[in-house]
């Protein structure tokens with residue numbers, strides 16, 4: 001470790017590569033934490049977890065007993081933390097059925113307001129979406145939905161809107177505006193309930209939805225209808241090709257076209273004046289036919305593309321990568337697929353999955369360096385390589401099925417929850433200080449042995 005720090009200080013190693021190498025080493029050593037423990041106030045299955053996007057400090061949870069709680073991941077509430085034992089983290093506050101504005105049934109989703117920790121949003125099976133004030137623990141806005149709320153999401157990039165995307169047992173996706181307290185959009189296209197929703201990480205206007213009909217749809221909320229329906233049969237082998245290679249191929253094709261066009265230029269000039277009127281008429285008819293064909297094949301309308309499916313069953317989870325180039329999906333067919341968001345193609349990446357939950361939505365998590373995907377697989381959590389699909393890590397600690405995974409990139413910690421009502425913390429095995437001390441001991445032994 002000291003050698004790596006010295007190389008960074010002297011400029012031989014870039015600071016970014018040093019930080020990425022350290023984070024990668026910490027993530028690869030994740031294990032059940034023996035220093036931190038969350039004291040869960042929930043009396044039912046924990047269905048949702050999220051760390052705030054502003055500080056990376058406060059953990060929000062929602063459970064099937066109708067309660068929601070907030071934890072401080074950095075400051076312990078128990079006095080045993082000062083004596084060197086396991087630090088107990090009790091919830092800062094919680095709202096349950098006994099609260100005057102609490103949910104009456106299970107809380108299926110709980111998300112933070114992306115700009116500030118002063119607000120958070122909960123969705124429940126009581127057909128309500130509530131916006132809460134964190135400081136007063138009071139509900140400030142209510143949205144009445146037509147059915148059970150499966151999942152809610154807010155865009156982390158939004159600068160011009162404060163919309164909550166809600167997936168319910170109804171076939172329509174509704175966008176709730178916090179500023180006005182009313183529905184701003186209704187997105188129609190799914191043929192069954194919508195179990196998962198996810199905003200794009202590259203555009204504040206693009207929304208991904210996964211339904212019980214097995215379809216994944218891409219929406220641009222500025223226009224009517226979805227602009228893409230993913231089809232598992234439309235594939236591309238591997239990840240997206242590099243930009244330089246793509247531009248080189250395009251330049252080669254354009255050069256070939258220009259050379260062939262130069263040879264045929266004289267022939268075209270000879271017959272230009274004779275058939276000009278016929279060409280105009282034929283071009284106009286072709287343009288009208290192409291426009292009508294594009295209208296008929298629009299995915300938001302009745303067409304063959306509209307009936308494409310991404311999974312043979314319910315789409316139980318969606319997760320966009322941080323760069324916005326790829327989308328991960330999980331289904332009740334126990335398959336995990338990686339999609340190219342630009343082309344909409346299935347990359348045919350084979351994830352070594354086991355059994356996935358089929359009756360409820362699951363929450364996936366990702367890490368950047370190394371690129372891993374954390375997936376709840378019944379009572380275990382598996383970490384797959386994003387570009388290889390191989391199982392690199394496996395976490396066992398829950399007694400019942402796991403519902404959610406949440407990765408904290410600030411501390412390189414993984415939080416998981418499930419039907420056993422527990423919230424487990426998976427932290428790096430050793431600290432940087434311990435590694436430095438080990439290196440110092442090794443060097444001292446070498447010196448003493450040589451003397």
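Cβ from N, Cα, C; glycine included.
When the ranges 205-249, 250-294, 295-339 are checked against TrEMBL, the one recorded as region 'Disordered' is 250-294. Of the candidate ranges 100-142, 187-229, 395-427, 187-229 contributes the most Cβ pairs within a distance under 8 Å of the repeat 'WD' (308-344). The repeat 'WD' (187-229): residue composition by secondary structure is 0 helix, 22 strand, 21 coil, according to DSSP. Mean pLDDT for the repeat 'WD' (187-229) in the predicted structure: 94. DSSP assignment over the repeat 'WD' (395-427) gives 0 helix, 20 strand, 13 coil.
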